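Asker: For reference, the structure I am asking about is given below.
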């Protein structure tokens, strides 16, 4: 079996999907997990205004609404969390995403004061953060806030990790990669777009260039520039299509380099790294 086939199998990607069916799969997955854990009554998710959090947020709210209606338990809630670093450049998109999702609750946590305090504390002991490392600090601070909110609301922190992100390891370890449950894990980028179209999402929320926007030296850096390969090529690869050798090599290099991100902490029993 080729590495491409191994990756497709590991990430559970289908070569084609039926959007309505996949929406149902994700919603039922969330509902079934909460039904199996009755002490959990909330789903918590950071909303950035991009494709992945918009899709995941809509799936979460749908699942929670159905659970409330089916069980009569009014404690079930979806909490959308806005987590800007100061003022977000695409704040209008965030508000459009919130309007589309219609979450039960919306909380806003400005992470900038916490990041600046951490940066100053480290600087005082001689540790000066690079812009890249500071970007990862932002991702981890966002997750810290979400876990605090979840902890006070009997909740789970929901992740937006999908196959095109997982294959490249394009997430911060113990940042946006540190979640409890990932309902869109098996989908690639174009499949996520198809689900949003099916759900009636405003198109500008999933047609704009994806960006993590963590680095201040390179603001709004497109994911595809950072990765060196387009999502179109990544999606083709994940659907089993043949792509140019140079693009496949980039994807497979990212996959090998970031294997540690897709695993729990390494122990003496692990041998994938040998």
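Just so you know, glycine gets a Cβ as well, placed from its N, Cα and C.
These numbers come from a predicted model, not from an experiment.
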Asker: Please state which member of 160, 168, 230 Swiss-Prot lists alongside 46, 47, 48, 49, 50, 51, 52, 53, 189, 211 for binding ATP.
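Answerer: Site partner of 46, 47, 48, 49, 50, 51, 52, 53, 189, 211 for ATP, according to Swiss-Prot: 160.
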Asker: Provide, as an integer number of angstrom, the distance between the C-alpha atoms of residue 160 (ATP binding site) and residue 180 (deamido-NAD(+) binding site).
Answerer: 11
Asker: DSSP secondary structure for residue 46 (ATP binding site), reduced to helix/strand/coil, please.
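Answerer: Looking at the DSSP assignment, residue 46 (ATP binding site) belongs to a strand.
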Asker: Could you state the CA-to-CA distance between residue 260 (deamido-NAD(+) binding site) and residue 165 (Mg(2+) binding site) to the nearest Å?
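Answerer: Rounded to a whole number, the Cα-Cα distance is 14 Å.
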Asker: Do you know offhand how many angstrom separate residue 50 (ATP binding site) and residue 165 (Mg(2+) binding site) by C-alpha?
Answerer: 14
